[in-house]
Amino acid sequence: MGVANDSSPEYQWMSPHRLSDTVILGDCLYFNNIMSQLDLHQNWAPSVRLLNYFKNFNRETLLKIEENDYINSSFFQQKDKRFYPINDDFYHISTGGYGIVFKIDNYVVKFVFEATKLYSPMETTAEFTVPKFLYNNLKGDEKKLIVCAWAMGLNYKLTFLHTLYKRVLHMLLLLIQTMDGQELSLRYSSKVFLKAFNERKDSIKFVKLLSHFYPAVINSNINVINYFNRMFHFFEHEKRTNYEYERGNIIIFPLALYSADKVDTELAIKLGFKSLVQYIKFIFLQMALLYIKIYELPCCDNFLHADLKPDNILLFDSNEPIIIHLKDKKFVFNERIKSALNDFDFSQVAGIINKKIKNNFKVKHNWYYDFHFFVHTLLKTYPEIEKDIEFSTALEEFIMCTKTDCDKYRLKVSILHPISFLEKFIMRDIFSDWINGGN
């Protein structure tokens, strides 16, 4: 195993490693602390033995378990008010197209399966190197609007995650079949299973059964019951039919309060905003200022995030005002939260070229590509924006597109507006609450 602590983009040109080599970028103490709590080599008995185990149960024996007082509240879904993390476990909080994310204590741990046949381990470090590079080079408070990983482990064997998923899936299948008095089988229909699981997951009786069987059958400190349907969609998607869940990266992040898309009117007001639309203006303005300051840096006018959307913006506590200077103006944020850009997996900047997007983009793009996509996703996430005529009309300037040049909100053609377009946009009265401190 190698260790590299330099946060400069030179990571991109480190010598290639053997297939079995692992490397740690960033803080080794954070990383090793997390790894010490994971069993990457846990194995389970063959599934046929699990099937035979469940033959010892029927509806009557399950009913007796349901009548017990014991319940592990960590097996409720996290959005359920009854959920409580009673153990120091890894709790599944999200699975997207490219990563499986867990929470433990005040950390977020992201596992990313990488296509090792397409990229060397050092070609998959953008999620660590790009934000670290930007943070080290930005000079003002704008650097506070970036989420930097504390550590990243490259080229780790991650087969245990897929094995764990299959074990939990088989347990749920057999448990549901036993509850319904059906013949036990490990064959399943995706549609039928998801319907049965979603119907039961919020039931206190079902959670009591999970409280009994998860420790007995799974015996792991990784709890994947929360949002299990997302993990199901990830592993069962047809595009991953022949996927090798072999190696990938492990990334350690600070724990955020929320992702930006989780804020509704009630929460926006609780956070101190006058309305949901004012909150949306807040995150838009902070992201715009971040991009403008990045584009001021030497050789950074090629910066692309490539996935700028509300769920890739995280909210953190802000204990002091954030002040960002631009020309003769200063933008003052006295809110008790700040927004910060996250998930740089497909990003590029300066000389850090990301092969994951280089091969996908057929034409040249700049900041406008990101904000075109950002505005589309904002309008989709928050239809309330339309109630503010001035703001919604202004945002439409970013999405003057047609089906021929825009596909699923992403530009297919090269539109290279200068960054001055964005600078002028944020000087409007729309953002007067923050310009010069609202004076």
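Just so it is clear, glycine is given a Cβ too, placed from its N, Cα and C backbone atoms.
Per Swiss-Prot, these features apply:
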{"type": "DOMAIN", "residues": "87-439", "note": "domain 'Protein kinase'"}
{"type": "BINDING", "residues": "Ile93, Ser94, Thr95, Gly96, Gly97, Tyr98, Gly99, Ile100, Val101, Lys117", "note": "ATP binding site"}
{"type": "ACT_SITE", "residues": "Asp307", "note": "active site, proton acceptor"}
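Feature map: annotations from Swiss-Prot on the structure.
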residue: Ile93; record: ATP binding site; DSSP (3 states): strand
residue: Gly99; record: ATP binding site; DSSP (3 states): coil
residue: Asp307; record: active site, proton acceptor; DSSP (3 states): coil
Largest inter-residue Cα distance among Ile93, Ser94, Thr95, Gly96, Gly97, Tyr98, Gly99, Ile100, Val101, Lys117 [record-listed ATP binders, Å]: 29
Gly97 (ATP binding site): tally of other CB atoms within 10 A of its CB: 10
Integer Cα-Cα distance in angstrom, Thr95 (ATP binding site) to Asp307 (active site, proton acceptor): 16
Largest tally of Cβ atoms lying within 10 Å of a Cβ, found at which of the binding-site residues Ile93, Thr95: Thr95
Distance from the residue listed as 'active site, proton acceptor' back to Gly99 (ATP binding site), taken between C-alpha atoms, in Å: 14
